[in-house]
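J.: Pasting the feature list from TrEMBL:
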ACT_SITE  H95  active site, electrophile
ACT_SITE  E167  active site, proton acceptor
BINDING   N9, W10, K11, G173, S212, G233, G234  substrate binding site
COILED    9-36  coiled coil
Amino acid sequence: MRKPFICGNWKMNKNVAEAETTINDLKDKVAGIDNVEVGICSTALCLTTVKRAAAGSEIVTGAENIYWEDSGAYTGEISAKMLADSEIEYTIIGHSERRQLFGESDYEVNLKVKSALKHGIKPIVCVGETLAERKADQIEAKVNFQVDAALKGLSEDEITDVVIAYEPIWAIGTGETASAEEANRVIALIRENISQSYPEAAKKVRIQYGGSVKPHNVEEIMSQPEIDGALVGGASLEADSFAEMITKTAAIY
């Protein structure tokens, strides 16, 4: 069985003191839960604080973005090598906000995925369609194109360390969400697409759902057979709401 992965994406929120307080609260609330992997992806500024505060717990730490070169004249960027040196376990790659606001391309996503894996960082690759693409019945074509581009050139073993997060763009931060059944259907299509080239990896790769996942809907989402976790935005900013989601998921498994 694929271990469910509930991961918070704090985005550009929390200073260092707030991050430390939240992690201290969270680890107390989820202590003893070992059948759900719990992660927090924070700003680069807070990464070492989150890592230190989470010490002694099962909470893993992730970045929200990386650059694909190891070092050099790339002002403002952080490399996978730097994350590895600080024992950071995960990084988000290709979030729709990066793609839309900063022009991140599928080619760049692939470079980042390869760099992360090279340094032992597990990438959380975000894919998803716009509302216009959804209305035009382009969901499958869009997400499969993004997944294929992100995984290009990887071995089957490498793909088992990749997490895919299906986040329909129209549902991110809007309060709208795909129905649990619809999310499950799309995630099943993603897994089937991966299986065409990587049949064994497709059985192992974890595919999350993201997009306005909250305490009130997490049980319905996580009860779906193909959904292996959630990438959680706003609801991960408060320890109480995030812990509630983790506890509800643990009860399902």
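Cβ coordinates come from backbone N, Cα and C, glycine included.
These figures come from a predicted structure and were not determined experimentally.
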J.: Which chain neighbours of the substrate site, leaving out N9, W10, K11, G173, S212, G233, G234, have a Cβ atom within 8 Å of the mean position of the site's Cβ atoms?
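T.: Result: I172, V232, A235, S236, L237.
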J.: Do you know offhand how many angstrom separate G234 (substrate binding site) and the residue listed as 'active site, proton acceptor' by C-alpha?
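T.: Just about 14 Å between their Cα atoms.
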J.: Three-state secondary structure of N9 (substrate binding site) from DSSP?
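T.: SS state of N9 (substrate binding site) = strand.
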J.: Which number gives the other C-beta atoms within 10 angstroms of the C-beta of G234 (substrate binding site), all protein chains shown included?
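T.: The answer is 19.
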J.: Mind checking which of G173, G233 has the fewest other CB atoms within 10 A of its CB? They're the binding-site residues.
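T.: Each of the binding-site residues G173, G233 was scored; lowest Cβ tally within 10 Å is G173.
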J.: Other than its own, how many Cβ atoms are within 10 Å of the Cβ belonging to N9 (substrate binding site)?
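T.: N9 (substrate binding site): 26 neighbouring Cβ atoms within 10 Å.
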J.: How big is the Cα-to-Cα gap, in Å, between G173 (substrate binding site) and H95 (active site, electrophile)?
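T.: That comes out at 13 Å between the alpha carbons.
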J.: Between the residue listed as 'active site, proton acceptor' and W10 (substrate binding site), how far is it from one CA atom to the other, in Å?
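T.: Counting only the Cα atoms, the answer is 15 Å.
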J.: Within 10 Å of the Cβ of H95 (active site, electrophile), how many other Cβ atoms can be counted across all chains shown?
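T.: Counting Cβ neighbours of H95 (active site, electrophile) within 10 Å gives 29.
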J.: Average the per-residue pLDDT over the coiled coil (9-36) and send me the rounded value.
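T.: Taking every residue of the coiled coil (9-36) together, the mean pLDDT is 98.
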J.: Provide, as an integer number of angstrom, the distance between the C-alpha atoms of K11 (substrate binding site) and H95 (active site, electrophile).
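T.: Cα-Cα, rounded: 10 Å.
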J.: Does DSSP put G234 (substrate binding site) in a helix, in a strand, or in coil?
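T.: Helix, per DSSP.
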J.: Enter the number of other CB atoms within 10 angstroms of the CB of the residue listed as 'active site, proton acceptor'.
T.: 29
